[in-house]
Amino acid sequence: MLDVRVRSQVGFEPERRGSHPYLYVDFRTLHSRPEAARPVSARNVRRLLSFQRYLHSSRFFHGIPASNPLGYILDDDFTGQAKLMLQKVGNWNFDIFLFDRLTNGNSLVNLTFHLFNTYGLIELFQLDMVKLRRFLVMIQEDYHCQNPYHNAVHAADVTQAMYCYLQEPKLAETLTSCDILLGLLAAATHDLDHPGVNQPFLIKTDHYLAALYKNSSVLENHHWKSAVGLLRESDLLSHLPTEDRLNMEERLGSLILATDISRQNDYLSEFRTHLDKGELCLTNGGHRHFILQMALKCADICNPCRPWKLSKQWSEKVTEEFFHQGDIERKHNLEVTPLCDRQSNSVANIQIGFMAYVVEPLFVEWSRFSDTRLSMTMMSHLSLNKQGWKEGKDKQEASSSRVSEEQRTPATKDSNSKVLPQGSKGS
């Protein structure tokens, strides 16, 4: 069963990209009435607007607009910078925020298409380039741009990280083209249509998705089914045999479901057991799939392992999203999730705990599996970032103590100035 876009019962509505979507629409297409015309759903209209907006901004389909050569020159300059960045897409210091600005908010589309082309997946799987572009645009559009964290830029960042892991020697030497295709697709769609709140929120507000998936991996199931829906809507894989296509959809789901943070310990325990016994054999399809799951899990929460400049931005964005959920819970008299309570939490506290109990245990095991320069770099950044948040927390606490002390001091002085003279007269 393929579900539709998330609809909230208590306060957050999907918001579409672009303040003026009507500027570049071919209204003849919208208002044409073929003989067998069917009602056009709002979803399909949004699809049309989204794809036409992308076509308008993409030099892949357009020449120089004579009406605005200056705009073209600027766009060409930015496109050139974006292309230069893509030459270093395997660099762990890749700045996805800058790349998103250079591509006019199309980082997920451009990065994923580039990686498909880099691996030769378009030719290997005989993918129609227009269908692929449309599919990627639909993916990007189905991320909620108003989410501070779970948006298309996060998906692009995870896809870039996944590419870095796919390039690691153990994986590069053994992964099949199908493994790579699914790994990139899973990274790009792993949080598709994320509503900006977590699973417990959906459960306690009786959201229909919680009932649909029986309170189990609610968001991850929705991301997967949404991704399958877009694959079918775009007909991207329609030329493949039905059995192969269904198998790929199932494997895609298995990868996305592995990102459920509530099952982190299960996957980590299995990973540790495999490593302790030395039984991972990547010529085995099942073992390769498991490593892809672990790679996607690492890519999904790798922000603390990025350079401080990038990591800090992600930390602030995810905390902003947490606190927004807490604000909604408080507004509607729901129990406020402790992690989402801005009155009792801080970015530093959340990040220090997240790094110590979630990120570090996972990346320690990944480093055991893939003992490379990249793993050493990630662990080094993780250590430095954790120390950075601890120092920031200590400074903030010291500053708060100093302010409190200064606020008490004047009161003491005033009290002494009144008491002492009276005592001297009495004597």
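Heads up, the Cβ atoms here are built off N, Cα and C, so glycines get one too.
Here is what TrEMBL says about this protein:
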COMPBIAS  388-408  compositional bias 'Basic and acidic residues'
COMPBIAS  409-419  compositional bias 'Polar residues'
DOMAIN    74-396  domain 'PDEase'
REGION    387-427  region 'Disordered'
**Cβ contacts under 8 Å made by the compositional bias 'Basic and acidic residues' (388-408) with residues that lie 6+ beyond its boundaries** = 308, 312, 315, 346-349, 351-352, 355
**Message:** Averaging the per-residue pLDDT over the domain 'PDEase' (74-396), what integer do you get?
**Reply:** 97
**Prompt:** Helix, strand, coil residue numbers for the compositional bias 'Basic and acidic residues' (388-408) per DSSP?
**Reply:** 21 helix, 0 strand, 0 coil
